[in-house]
Amino acid sequence: MTPKRVATPAALPLIRIHIVTWAVVVACGLLAVFSISAWPLIIFCVVGVAAIIRQRSTTTFGIAASILLHLAAVAVLIQLAPLTRLPLALTVSVCLVLEGLVVGFVISRFARWPGRQSLLALARYSLFFVTPIIASVVMTFSLLIGRSGVAWAMGNDSPANVSSARILFADGGVNSRLHFNGSPEPHSLLTVVAGPGRWTVSSWDLLAYDISAYAQLWFLLIVATAALSALVAKQAMPQRSPLWFGIVSANAIALVPLTWFVAGYSILFGFFNATLSVVILLCSWLVARGQSVSPGIRLSALGMASLALLATWGPLAIIPVALGIHALWQFICSARSAQTHARRRFWIPGAVFAVSATYIALVTVPDLLSSASALGNDGGIMTLSPRIVGLSAAVLIVTAAIYSMVERSPRLFIDSFLVTLLGAGALAFLVFQRRAQPDLWGYYPVKFAWIMMTIFGIVSLSIILALVARVRYRGLIFGGIASVMALGIGVAIASIPDIRARVFDALPLLAVAGIPSPHPADPAARFMMRNKEDGVNTIAVNALTPTEDGFINLWLFQMEPLKNNLDVRIFAYGLDANNTSQVCTAISKLTPPVRILTSEAGLRERLVAQCPSEIVDIVAPSR
């Protein structure tokens with residue numbers, strides 16, 4: 001008779017980690033499927049893949065590469081999803097759950113129960129992220145006490161972002177024959193967040209569900225820019241620099257993307273794709289600077305970054321290409337000297353190159369041919385002097401040159417020079433697209449330059465602090481930190497528009513969290529979401545104040561794009577409720593049924609007198 005096996009004490013930690021891993025996977029999957037929250041499963045997958053990559057690289061590289069891998073996967077998935085002929089929400093949910101199972105299985109094979117040293121190392125590592133952690137805690141607490149709403153994420157371009165995601169849900173993915181979408185990645189990410197459990201949401205709650213998912217995703221991406229900026233600063237620090245200096249520097253640099261110049265402008269103009277672009281570019285810089293990682297793996301990660309940027313905002317895809325030139329040269333040299341059995345490692349870069357080339361041929365080139373002229377259009381944008389852009393590029397080149405001389409290695413200077421050179425080429429291309437406009441320096445060139453200035457600023461400040469860390473005298477170190485922080489604070493305050501001249505607004509996330517007062521549009525946002533039934537065209541006519549009605553109609557006229565003509569969107573940007581003829585015209589362009597939200601007692605008689613043929617449902621909205 002075979003004796004019964006008994007778990008030895010040494011095997012107990014491994015058994016416990018198996019149980020915990022699968023418990024986490026199952027719990028996250030249930031939360032996503034039953035529409036409680038997809039975030040636990042998404043975070044588990046991203047962190048889990050980062051832990052797997054870390055086994056053959058570094059923690060910093062693992063985090064950045066995991067983010068890039070998932071963003072590239074989303075870009076490909078959303079293009080292939082229509083082939084399944086399944087609802088997109090179901091496709092996304094199945095993919096998330098399957099990835100969670102695979103990641104859980106792989107992690108359970110190598111994970112061990114953390115010991116005291118591992119926990120201490122994790123605690124030390126978390127000190128580099130105090131700034132993004134505080135931002136997350138403040139926002140979460142503000143939401144729990146009802147101080148913050150979602151109106152902060154609902155301005156300008158935001159209705160178009162949510163509407164585009166809803167079109168993806170309706171089409172089952174990207175279907176260019178039905179609806180053109182040249183930059184589907186931001187909207188695709190929203191479908192990943194809002195997809196799991198979407199089928200359990202009622203038609204009266206669906207708009208609130210989508211907007212809430214959009215605000216959560218955007219806030220998480222803003223926090224991610226802060227965390228990745230801290231990693232850029234940490235990565236730049238010399239190995240022998242004091243721990244406290246690295247922690248202070250990382251958290252100081254993490255404030256840069258939270259300032260008005262970065263987060264404030266993106267929120268003001270609804271530039272959700274700009275925040276996502278900054279995340280991808282910071283990840284690209286981190287993987288390119290991963291010196292201990294093989295060039296083939298770095299090249300693969302940068303290829304995924306280019307793919308993600310092609311689906312986010314195409315002109316920026318040149319930056320990972322610039323960062324990959326040095327890795328490509330190293331890869332070619334290693335390929336020449338590699339033995340036959342070692343060349344098996346080259347299948348990863350080859351696969352990434354094949355996928356990227358296919359995406360460019362089948363998606364990017366057709367989109368560019370059909371919409372290249374749109375890059376010359378105008379739009380709402382901040383004022384940005386070309387001289388300031390050139391100055392920021394010059395600062396990066398000079399600081400990188402000094403750092404390279406101190407380190408006696410030209411790699412940082414080469415990367416910075418190539419990024420600046422190819423970035424200038426992309427900027428010149430965007431300027432050329434405006435050759436028919438009276439002003440060459442317009443919407444797309446300014447937006448591109450603004451995003452590049454953000455990256456230049458983060459990298460330049462990190463390099464300066466890394467140089468300060470080499471100073472032996474503590475007084476000079478403190479002076480260097482104070483000077484850099486004073487410079488950063490001055491630039492942050494100077495970038496605040498005149499219409500928001502308070503110094504308090506230098507960190508717009510405080511306003512997002514409802515500090516010192518809730519967002520003024522929060523009541524109108526709650527009113528709209530409470531009275532909008534999905535699938536029913538709705539208009540606000542003298543429902544609240546004229547300003548609040550304008551905010552509500554900005555969203556209502558864009559939330560049923562599959563049912564209405566494109567020219568109906570003109571009313572989203574200005575509907576005169578007292579102009580009965582204009583209201584009747586708007587109603588006639590909407591597909592019935594049309595519901596009007598109003599507090600005006602005589603509105604029905606006024607409409608019947610001028611547009612009796614239009615059948616509408618006029619209701620007194622719930623407040």
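Backbone N, Cα and C atoms are what each Cβ position is placed from, and that goes for glycine too.
Taken from TrEMBL, the feature transmembrane segment applies to 20-53 (among others).
Annotated transmembrane segment per TrEMBL: 60-80 (among others), in sequence order.
Annotation source TrEMBL lists transmembrane segment at 86-107 (among others).
Look at TrEMBL and you will find 119-145 (among others) tagged as transmembrane segment. Residues 59, 219, 222-224, 226-227, 230-231, 234, 243, 246-247, 250-251, 254-255, 258, 509-510, 512-515 of the same chain lie 6+ residues outside the transmembrane segment (119-145) yet bring a C-beta within less than 8 angstroms of a C-beta in it.
For 211-231 (among others), the entry in TrEMBL reads transmembrane segment. Within the chain carrying the transmembrane segment (211-231), a Cβ under 8 angstroms from the stretch's Cβ atoms is held by residues 39, 60, 63-64, 67, 128-129, 131-132, 135-136, 139, 150, 152-154, 158, 161-162, 165, 189-190, 193-194, 250-251, 253-258, 262-263, 266, 272, 275-276, 278-279, 282-283, 286, 458, 462, 509, 512, 525, 529, all 6 or more beyond its ends.
Residues or ranges marked as transmembrane segment in TrEMBL: 243-261 (among others).
Under 8 Å from some Cβ of the transmembrane segment (267-288) lie the Cβ atoms of residues 60-61, 63-65, 67-68, 71, 152-153, 155-158, 160-161, 183, 185-186, 189, 214, 218, 221-222, 224-225, 228-229, 231-232, 235, 257, 298, 301-302, 305, 308-309, 312-313, 316, 319-320, 323-324, 326-327, 380-382, 415, 447, 450-451, 454-455, 458-459, 497, 508, 512, all in the same chain and six or more residues away from its ends. Taken from TrEMBL, the feature transmembrane segment covers 267-288 (among others).
Taken from TrEMBL, the feature transmembrane segment applies to 346-365 (among others).
What TrEMBL records for 385-405 (among others) is transmembrane segment.
Annotated transmembrane segment per TrEMBL: 412-432 (among others), in sequence order.
Marked as transmembrane segment by TrEMBL: 448-469 (among others).
Here TrEMBL flags 476-496 (among others) as transmembrane segment.
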Does the transmembrane segment (385-405) come near the transmembrane segment (448-469), with 3+ Cβ pairs under 8 Å (pairs 6 or more apart)?
yes
Restricting to the same chain and to residues at least six past its boundaries, which positions have a Cβ under 8 Å from a Cβ of the transmembrane segment (412-432)?
288-289, 315-316, 318-319, 321-323, 325-326, 375, 393, 396-397, 400-401, 403-404, 440-441, 444-445, 448-449, 452, 455, 459, 463
